[in-house]
Amino acid sequence: MSAATKSPGASRASESLRALIRGRLFWPLITLALLLSFNLAFNAHFFSVTVRDGHLYGSLIDILNRAAPLMIVAMGLTLVIATHGIDISVGAVVAISGAVAATLIGGQLSPGGGAPEAAGHPMPLVILAALGVAMALGMWNGALISFFGMQPIIATLILLVAGRGVAQLITGGQIITIYHTPYFFIGNGFLAGLPFSLFIVSAVLLFLLVLTRRTALGLFIEAVGLNPVAARFAGVRARAITFWAYAFCGLCAGIAGLIISSNVKSADGNNAGLLFELDAILAVVLGGTSLNGGRFTLVGSVLGALIIQTLTTTIYSVGVPPEVTLVVKAAVVFLVSILQSDRVRDRITSMGKLGEAL
Amino acid sequence: MRNETDSRFFAAPRVLPARAPARPRLDPRHLPFMVTLGLFGVMFGAGSIAFDGFFSLQVFLNLFIDNAFLLISAVGMTFVIISGGIDLSVGSVTALTTMVLAHLVENRGWSPALVIPLVLLMGATIGLIHGVVIQYFSLQPFIVTLAGMFLARGLCYLISVDSIAISHPFFTDVSAIRYPLPFETSVSVNVVMALGVLLGAVYLAHFTRLGRTLYAIGGSEQSALLMGLPVARTKIFVYTFSGFCSALAGIAFTFYMLSGYGLHAQGMEMDAIAAVVVGGTLLTGGAGHVLGTLVGVLIYGTIQTLIMFEGSLSSWWTKIVIGLLLLVFCLLQKVLARAPARQGSTRAARQDSAQPHPVSSPIERTAQAGG
């Protein structure tokens, strides 16, 4: 209404802005806001952030910190889903990355109690090794999919099945406890009052945003997702882009594995990152990226991850048994995917047109 | 145009005899099944040579006894995969079934005669909902059944987070039944149940109109629609059947474990998919044999038995070997799907048209075709 009274240029700008918000980030933001305000209704101190020992503490910080691994994996997965693919092996890669790091860093409990500084291998090397392995696994997925033409869900299914076995092989089937104190900084440390993991998330997000929005790479990825054949004819190296999307997704899962293993101070080949792939897919879908490939939104996926974590925290804080989380997640997936379906979209737009006509 | 097509038609018979002289016509799509069967023979043979006591009828029958529930759910999965879809909820529906059974029988004191039909109905209903949502909202089966997976696991924990042991005489009695076979061997009730499901499924898939519709949908949903086949009904049936099989697998699992637990059958959907694929069913849909799934399950069981006999290997090797086998079979299917294309047969042309571009998964393709 107000747009119509403005100059045509401004109205077009505001309309395109509105379309952008409506299409992508509007619903995730609303969902998150609703969840947060629901929390506020239950807990008046929900938004309060206190400073203790120079660190910020509070429910919001806690949610951000806990959502960090999911946010990173969701970002990696967003690129993969944008190329019309899927990676269901991220949970297994998380487990392998944690297992590699925990096995290499070693460290032993000193008899006098407390954790010694000594590590089995220097920490930068350990981190590089874990990330390298994770990225190599991503490349393996990427190679199967882009060069052998295997369907993404099957190629990554192979790693999903075998990956946990590999993780258990690395840890010898045991839960490996990490005693090397500096390693804990990745998942538990604070920098400038904020959890260190948030800086990792920001770094990944910034890197990806610059890469996909300041260069043509984002456009290429969307082109590949919409129609790889057309993209190839248009001169886009579709195979290479698909390959690197999976490689990067593996790398992201590796980073998440480091954060998780550092946070819980151990690596469990069997249970680390269990069902993580599902949460990550849910985060991407909640964020507004269509599973059919094409347009994607990294910020949306980050919001999606935050929504999932907020939902989990809400369920805990309200006092509902935590077992309900899965049921609620299921309901959310059903609802979101039905709302995303063409049938419902068509009906809504036709209703909108009807409203305009009246 | 026309000449080109004609030459394609006539090129095949000219080339084929030269390539495969005096060989009975073997549909390349049946080759994965043959490879599977051969692989099973090789693995079982290798085990027999390597380990004393491996080569016995009872070891072979134990493959059935220990994997009856997997076979039941994999049969349901085969139908789904042939139709070009996927069902990720089978493991959690199985777990939910054990949980509901245990809870109602042990904590509520209901009669098994009432509870068993109830859980079967429950499984079928979950599958029905999957099918209806997939069909009418043209959503990707993988995301819908993923939600179903969350839901069923969540419901398990809502009932109880602990394991419920079953001591009802009916269940203990049934689980103790052994049907004697020659050479002092025996099988359990589960095996009879699983073979019953298998035979029913073979009949359904290969000897009925429904089965042909199923293959047609898997081959190309659009073509099936244009042919006037009941696509919607069949697709919904497929998911309902898979849900029913999962529930039946849950009953078999209860007989096997005598308990209900939310963590039961964790990851069984992946085992079932692996068994189906190793059994030679194309994950793109439209090709495969229900009996292949049986061999797939037997291979899975043989790997476990080999690792058990070896003694020094840990259970995680099962996962790694299954993963590798999956890889080998997927690559094999890729190669086989390409090989006839060079010979220029019409079948290959269809195969190519079924794969519009390499990065599109069958599930997504189905979703698009259905939309």
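Note that the numbers count up from 1, one per residue, in the order the chain is shown.
Each residue, glycine too, has its Cβ placed from N, Cα and C.
What TrEMBL says about this protein:
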- B:31-51: transmembrane segment (TRANSMEM)
- B:63-82: transmembrane segment (TRANSMEM)
- B:114-137: transmembrane segment (TRANSMEM)
- B:143-166: transmembrane segment (TRANSMEM)
- B:187-205: transmembrane segment (TRANSMEM)
- B:236-258: transmembrane segment (TRANSMEM)
- B:270-303: transmembrane segment (TRANSMEM)
- B:315-337: transmembrane segment (TRANSMEM)
- B:346-371: region 'Disordered' (REGION)
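Segment contact is absent for the transmembrane segment (B:187-205) and the transmembrane segment (B:143-166), given fewer than three CB pairs below 8 angstroms at sequence separation of 6 or more. Of the recorded ranges B:114-137, B:143-166, B:270-303, the transmembrane segment (B:236-258) has the largest number of C-beta contacts under 8 angstroms with B:114-137. Within the chain carrying the transmembrane segment (B:270-303), a Cβ under 8 angstroms from the stretch's Cβ atoms is held by residues 29-37, 39-40, 43-44, 47, 62-64, 66-67, 70-71, 73-75, 77-78, 81-86, 90-91, 198, 201-202, 205-206, 215-220, 318, 321-322, 325-326, 329-330, 333, 337, 354-355, 362, 365-366, all 6 or more beyond its ends. B:31-51 is the stretch from B:31-51, B:114-137, B:143-166 with the greatest number of Cβ pairs below 8 Å to the transmembrane segment (B:315-337).
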